Every structure is written in C-alpha cells, then in structure tokens.
Amino acid sequence: PLLLSQEGRCLYVILLMALYWCTEALPLAVTALLPIVLLVCQQYFLDTNFLFLSGLIMASAIEEWNLHRRIALRVLMLVGVQPARLILGMMLTTSFLSMWLSNTASTAMMLPIANAILKSLFGEKDTSKDKNRENEENQASLQQNKLYTVPTEMQFLASTEDKDLTEEKEVASDTVSDLKKEEEYKTNIWKGFLISIPYAASIGGTATLTGTAPNLILLGQLKSYFPECDVVNFGSWFMFAFPLMLIFLLLGWLWISILYGGINLRSWRSNKSTIRVDAEARAREVIKEDYQKLGPTKFAEQAIFFFFCLFAIMLFSRDPKFIPGWASLFAPGFISDAVTGITIVIILFFFPSQKPSFRWWFDLKAPNTETQPLLTWRKAQETVPWNIILLLGGGFAMAKGCEESGLSVWIGGRLHPLEGVPPPVAVILVTIVIALFTEFASNTATIIIFLPVLAELAIRLKVNPLYLMIPGTIGCSYAFMLPVSTPPNSIAFSSGHLMVKDMARTGLLMNLMGVLLLSLAMNTWAKSIFQLGTFPAWANIHAENATSLLPAVENVTLSAL
C-alpha cells in the first residue's frame with residue numbers, strides 16, 4: 001500500500017538514488033540529475049548553490065596564482081623542521097587551506113611538499129664501505145616497499161669512532177638490532193606525515209560553510225524544511241565550528257605524533273646526533289628552496305590575498321548573530337551570504353593581474369594592450385567542479401520531494417521507539433552511526449540521506465532540530481578509517497607508503513575523539529550560538545504543518561488497502 005501512495009513513490013526515488021550513490025553505478029553528479037526527471041528541478045539553483053559557487057571560484061583564483069603554495073611553504077618555514085613540528089605545520093596548513101579550497105585539492109597540493117621534505121630528512125645517503133651484508137639486505141627490502149633509507153646513527157658511529165677489530169665486531173652486532181629500530185622509526189615518521197594530511201583536510205573542511213559540500217547541504221535543507229530558520233549562516237557556523245576544528249586538530253596531532261614517533265621523550269632528553277642535525281638542515285633548505293622558486297610576491301598574489309580576506313571578513317561580519325552585522329543596514333532578506341560571495345568573486349574577472357599604470361591615461365603613444373584579469377572565465381570553467389553544484393541540487397531536490405510528498409511525515413511516524421532517548425545520548429548515537437556509514441559511502445550522499453530523518457527525529461524528541469542535524473553534518477566529515485572513505489584518504493593511500501591497517505588503527509581513535517568532541521561542543525558553546533536550549537518557533541511551525549498533514553497521509557495509505 002505504501003508503494004502506491006505519493007510518499008511511497010518518493011521513497012522509491014530516494015532509495016534508487018541512495019543505491020546509485022553508494023554503489024556509484026552512475027557518476028554521482030549524473031545520479032543527482034534524476035530528480036529533474038522524477039521530482040522537481042527548481043532546487044538546483046538555490047541561494048546555497050551560489051554561495052558554494054562563489055567559494056569554488058575564489059579557490060580557483062587562489063590556485064591560479066599559487067597563493068596557496070606560498071602560504072603553505074611560509075608556514076612550514078615558521079614551524080621548524082623537527083618531525084613533530086613539521087607534522088603540526090602540515091596539519092595546520094592543510095586544514096587552513098581546506099577551509100577555503102576543496103579537501104581533495106588541499107591534500108593533492110600538500111602531499112608533494114611532504115614527500116620532498118621526507119626525502120630530505122630520510123633520503124638516500126652514501127653508506128660506509130664496511131657495512132655488513134645483512135644491513136644491505138634490510139635496506140633493499142625497505143626500498144622495495146618504497147621507503148627511503150639513510151644510515152642509522154649506530155652505523156655512522158661504527159664507521160668513524162673505533163678502528164679496533166674486536167670493538168668493531170661488537171658495534172656491528174649492536175647495529176643489527178638498532179638498525180631495525182631506526183628503520184622502524186623512519187617508516188613510522190613517514191607514515192605519520194602522510195596520514196596527517198588527509199585527516200587535517202577532512203577536519204579543516206568543517207570549519208566554514210563553504211569548506212565542504214555537506215555543510216551547505218545542511219544549510220539548503222534547513223531552508224527547505226524550516227524556511228523561518230535564520231540562525232545558521234557563515235558567521236555563526238564559523239563561531240561554532242572553528243574552535244571545534246582547532247581542538248580536534250591539536251588532539252589529532254598529539255595522537256599521530258605519539259603513535260608514529262614524532263613525539264619521543266627520550267629524544268628530548270638526549271642531544272641530537274650530527275646525522276639528525278644534517279637531515280633537518282637539508283629539510284630546511286628544501287622548504288626554503290621551494291619558497292624561493294616562487295620568486296618575489298606578485299601584484300596578482302597580493303590582489304588575490306586582499307580579495308580573499310575581504311571575502312572571508314564580509315561573509316563573517318554580514319550577520320554574526322552575537323552583534324549586529326553590516327547586513328542590518330539593508331532591508332531584511334536583501335543581502336545574503338550568496339549575494340556577498342558572488343559580488344566579491346565577480347570583481348576577480350575584471351580586476352587586473354598586473355599593477356595598473358596611471359601614466360597610460362596621459363601618454364597618447366602608449367600601446368593599447370589588453371590586461372589579463374585575476375581570473376578568466378575559461379580558467380573558472382576548467383577548475384570549478386561543476387558536478388558538485390549538480391550534486392547539491394540533487395540533494396536539495398530530494399529533500400523537497402520528501403517534504404512535498406509527505407514522506408518525511410511518514411518517516412517521523414515510524415520513529416516512536418526513539419522518543420524516549422535522552423537528547424545528549426541521541427547526539428552521540430547519531431554521530432556514531434553517520435561516522436560509520438560515511439566510511440563506506442560518499443559524505444555528500446550520506447548527509448543527503450540522513451538529514452530528513454534527523455529533522456523528523458528532533459521534532460519527535462521535542463528538541464531543536466539543529467541539535468541533531470549539525471552533529472550529523474559534521475560527523476559525516478569524520479571519515480578516517482578506510483582509504484575509500486574520502487578522496488583525500490585515497491590520495492594519501494595511493495602513495496604506496498600506507499597500509500589499510502595503518503589508517504584503521506589511527507582512524508578508530510580519531511573517530512572516537514571526533515564523536516566525543518562534537519558532543520562536547522553541542523552541549524556547551526553551540527547552545528548559546530544556535531539557541532539549542534529551546535524548541536524554536538520555526539520548528540514548531542513545521543511540526544504543526546506535519547501534524548496537519550499526518551491524517552491525510554494516513555488516509556492515502558488506508559485507501560490503498
């Protein structure tokens with residue numbers, strides 16, 4: 001009977017899209033086009049889509065002039081070249097870039113930098129002539145596994161300190177066991193570097209609304225389900241998610257550094273060897289050399305940096321909620337985040353990439369040459385991932401179909417067993433379920449499927465819908481355990497230095513930390529930012545509408561019997 005009703009047909013479309021998204025039988029963006037045929041099509045260019053488009057265009061301009069690479073190398077020059085500091089520098093830089101660029105682009109840019117630094121720290125070095133055959137075999141096996149090797153401190157000491165034959169044999173016997181420890185240390189440091197980058201990209205993407213697609217899907221579905229909800233915008237989201245990102249990033253850095261040997265109390269107590277000092281000096285030179293290859297800062301880079309800062313400041317200050325924003329100078333609803341973002345990125349298409357000369361206006365013989373803008377439309381076409389825009393549209397159309405068909409009401413009617421769950425426990429359960437689900441499915445597809453259910457569950461529990469929808473949204477970005485979980489994980493895994501068990505054991509605790517930190521955030525500072533302590537009027541209106549629709553939905557179902 002359900003399949004014959006309107007909500008049943010909508011459920012069929014949603015299950016079909018969910019199946020295609022999870023199995024990728026069709027490209028994700030192509031599957032997202034199905035609602036145009038089967039449901040509605042006006043959801044494909046909402047205000048939220050244009051906000052995301054403005055972020056993608058700004059990211060294209062930053063990548064066009066290599067500003068992101070200059071920022072990354074500069075940060076690495078400042079943090080130092082000790083392994084733990086470099087891992088911290090990598091994570092801070094990647095997370096910051098991921099706030100504005102895509103997680104995949106941030107990871108793809110940082111991994112080559114990490115590899116160059118690792119080669120300078122643990123790259124091949126001429127070994128001593130009296131090295132025994134066993135050591136050579138060990139190094140050969142490591143090189144087959146694509147791990148870079150250098151002589152250990154024990155080898156170095158054995159070749160230079162004592163020429164006495166008896167003592168030399170003793171040192172050689174000690175070297176066999178110490179070599180394994182040293183190679184294990186270098187292997188772990190290498191893994192720590194590579195695994196920290198995709199994790200930082202996933203964490204950093206949660207800090208801004210434009211940082212990753214699930215954040216914007218939340219915003220779009222809020223406007224569909226709860227049109228009167230205006231508490232989530234770029235500024236309020238940043239106030240909530242940025243502190244969470246910093247705390248998670250710091251704890252994640254400590255966990256990765258301890259697990260992979262970047263932080264070692266023994267090394268702090270002892271003086272550094274000559275080899276370790278030389279390796280760090282080479283790493284420092286590699287970073288400095290890469291930075292110098294960029295040349296002096298160009299006018300275009302300065303202009304992009306200015307517009308990037310303006311982009312962030314204007315979005316943050318439009319309506320930060322805790323103080324009146326500049327949007328209060330206009331009529332309510334006249335200025336949105338999308339209007340702000342698109343206005344700034346439009347300037348990129350005509351602002352000159354070279355410093356303009358005012359002499360041209362007074363020199364009649366000056367050549368009339370065309371000036372290249374900061375960003376051309378051809379470049380934007382090539383670099384902007386338009387498939388993500390379609391994916392967002394498909395998600396919004398699915399949400400609208402759930403609402404209009406009455407499927408969301410039907411789902412809500414099946415959630416009676418969960419009405420007795422305490423809200424703080426519900427937050428933890430929701431985050432765990434979604435974090436596990438997203439390990440095997442696309443983050444975007446996961447949140448599109450789960451948000452309607454979370455909205456109805458919140459209404460059944462009589463809590464602010466944001467209290468469950470925000471943890472669900474951020475939780476789907478906490479995919480750390482498998483290479484297939486996210487594109488950044490796949491990129492890092494494809495380097496050949498990581499194994500599935502490395503990601504699984506590291507990601508398990510990362511997932512647990514993410515769930516607990518998210519629960520802490522939702523029950524502390526998020527309550528004041530999003531007014532989570534009360535059941536809001538905008539949710540009440542939706543609940544009343546759902547109640548009025550419920551008898552009609554039941555009648556349709558019964559009449560089909």
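Quick reminder: no glycine exception, Cβ is built from N, Cα and C everywhere.
Residues or ranges marked as transmembrane segment in TrEMBL: 12-38 (among others).
Summarising the annotation, TrEMBL assigns transmembrane segment to 44-62 (among others). Sequence-remote contacts of a segment are chain residues at least 6 beyond its ends whose Cβ falls under 8 Å from one of its Cβ atoms, and for the transmembrane segment (44-62) they are 36, 68, 100-102, 105, 209-211, 213, 216, 219-220, 223, 234, 304, 307-308, 311, 336-338, 341-342, 344-345, 348, 374-375, 379-380, 383-385, 388-390, 392-394, 396-397.
As annotated by TrEMBL, transmembrane segment applies to 71-91 (among others).
Per TrEMBL, transmembrane segment is recorded for 97-118 (among others).
Residues or ranges marked as transmembrane segment by TrEMBL: 193-217 (among others).
Under the heading transmembrane segment, TrEMBL lists 237-263 (among others).
Among the features that TrEMBL reports, transmembrane segment is placed at 299-317 (among others). Sequence-distant contacts of the transmembrane segment (299-317), counting only residues of its own chain at least 6 positions beyond either end whose CB sits under 8 Å from a CB of the stretch, comprise 54, 58, 61-62, 65-67, 70, 100, 234-235, 238, 325-326, 337, 340-341, 344-345, 347-348, 351, 353-355, 374.
If you look up TrEMBL, you'll see 329-351 (among others) marked as transmembrane segment.
As annotated by TrEMBL, transmembrane segment applies to 384-401 (among others).
If you look up TrEMBL, you'll see 421-454 (among others) marked as transmembrane segment. Within its own chain, the transmembrane segment (421-454) is flanked in space by residues 14, 18, 21-22, 24, 28, 212-214, 217-218, 221, 225, 388, 391-392, 394-395, 398-399, 402-403, 407-408, 411, 415, 461, 463, 465, 467-469, 471-479, 481-482, 484-486, 511, 514-515, 518-519, 522-523, which lie at least six positions past its ends and keep a Cβ under 8 Å from the stretch.
Residues or ranges marked as transmembrane segment in TrEMBL: 466-486 (among others).
Feature annotation from TrEMBL assigns transmembrane segment to 506-526 (among others).
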Query = For the transmembrane segment (193-217), which partner among 97-118, 237-263, 329-351, 506-526 gives the most CB pairs under 8 Å?
reply = 97-118
Message = Can you see whether the transmembrane segment (97-118) and the transmembrane segment (71-91) are touching - at least 3 CB pairs under 8 angstroms, only pairs 6 or more apart in sequence?
response = yes
Ask   = What same-chain residues lie close to the transmembrane segment (71-91): Cβ under 8 Å, and 6 or more beyond its ends?
value = 97, 109-110, 113-114, 117, 121, 189, 192-193, 196-197, 199-200, 249, 252-253, 256-257, 261-263, 280-281, 283-284, 287-288, 290-291, 294
Query = When you check the transmembrane segment (506-526) against the transmembrane segment (237-263), do you get at least 3 Cβ pairs under 8 Å, counting only pairs 6 or more apart in sequence?
reply = yes
